[in-house]
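Visitor: Questions regarding the structure given below will be posed in turn.
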Amino acid sequence: MNKTVVVAMSGGVDSSVVAYLLKKYTSYRVLGIFMKNWEEEDSNGLCSTAKDYEDVERVAEQLDIPYYTVSFAREYRERVFSRFLKEYSQGYTPNPDVLCNREIKFDLLQKKVVELGGDFLATGHYCRLDVKSQRVGLLRGKDPHKDQSYFLCGTHPESLKNVLFPLGDMTKREVRSIAAQAGLATAQKRDSTGICFIGKRPFKSFLEQFVPNVEGEIIDYDSQKIVGNHEGAHYYTIGQRRGLDIGGSEKPCYVVGKDMEKNIVYIVRGEDHPLLYQQELTAKELNWFVSPESITRCSAKVRYRSPDEECEILHTGTQDTVRVRFTSPVKAITPGQTIAFYDGERCLGGGIIEVAMTPHSV
């Protein structure tokens, strides 16, 4: 009897092509499943869930595959969104996509796949798996512009044992071409960007619905003078330049620190200001695809679009945290963001940035 693969279909071109490739070129029995993580009424209809589901229906019917829908809205709110709000209110800048992969897609959705009689879960992620050894390995996707291993660095290896990433060896251009040649209904659909529960709204207007505004001061760190006011330090992230509304300087202003107790935002002037650069950080909530004791030197990404930075991992004697020392100073390391570790194309693991060390305290 042929094995069954359940495709996580988002209504986008990537997951549509995954379903198409598995249906056309494999002997698997292919099912589609649409995962709803956010109640549309909570986002004033801006999360496009209904339109996305319509696109899933159209593609599934084109391919003649059964399709299902499942709602994890309550679990998403409890396990992802509530933490997102808590961390923002504490001054961190969390990445909900990394948490969603760990808590929802490769946990709850995996369990749903089993309920449906599935042997595998397939998604449209641009990354690859190494299943040759007992421990599943995570590799970068072939397309460096679309590689999504960063977003999976926090997902436990055991959760990826029965997962397929058919797009891992493909570029986005190739995927678009396949979708067009196959006449898929989503072939011309634009890629989704940003956080789904925010939709098209400005981030601040969304967040202020859940975290109250508290007016405070913006202070120039060097002069210690008040240079502006804000409606809440939680709205600002380290390295932020836009939205400060501070004049009187030829050099651009950047957020360099926040005092959450006093509700103060500190800025510096000039993109080369030394306080914008850090050479060491502490990471927590670690997840490894290899034995951590075997890692001394590697490279790391401190945010999705950042370049790889050469670093040394200093083990602290506990399994909960590590110190990371970079070969060269790195700009705007942001507590709350995910750090992913690499050795070439192999993702070694990841964690959450707890604190970045600067030569001076901010």
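Don't overthink the numbers, they just go from 1 along the chain as shown.
Positions of Cβ are set from backbone N, Cα and C atoms, glycine also.
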Visitor: Of Met35, Met170, which does Swiss-Prot put in the ATP site with Ala8, Met9, Ser10, Gly11, Gly12, Val13, Asp14, Ser15, Gly124?
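Guide: That ATP site, as Swiss-Prot gives it, pairs Ala8, Met9, Ser10, Gly11, Gly12, Val13, Asp14, Ser15, Gly124 with Met35.
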Visitor: Can you give me the Cα-Cα distance between Gly12 (ATP binding site) and His125 (site 'Interaction with tRNA') in Å, rounded to a whole number?
Guide: 12
Visitor: Express the distance between the Cα positions of Ser10 (ATP binding site) and Cys100 (active site, nucleophile) as a whole number of Å.
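Guide: Pair distance, Cα basis, whole Å: 14 Å.
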Visitor: Rounded to whole angstrom, what's the largest C-alpha distance between any two of Ala8, Met9, Ser10, Gly11, Gly12, Val13, Asp14, Ser15, Met35, Gly124, listed as binding ATP?
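Guide: Between the most distant Cα atoms of the ATP site, 16 Å.
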Visitor: Counting across all protein chains present, how many other Cβ atoms fall within 10 Å of the Cβ of Asp14 (ATP binding site)?
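Guide: Total other Cβ atoms inside 10 Å, all chains included: 25.
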Visitor: C-alpha of His125 (site 'Interaction with tRNA') to C-alpha of Ala8 (ATP binding site): distance in Å?
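Guide: Here the two Cα atoms lie 10 Å apart.
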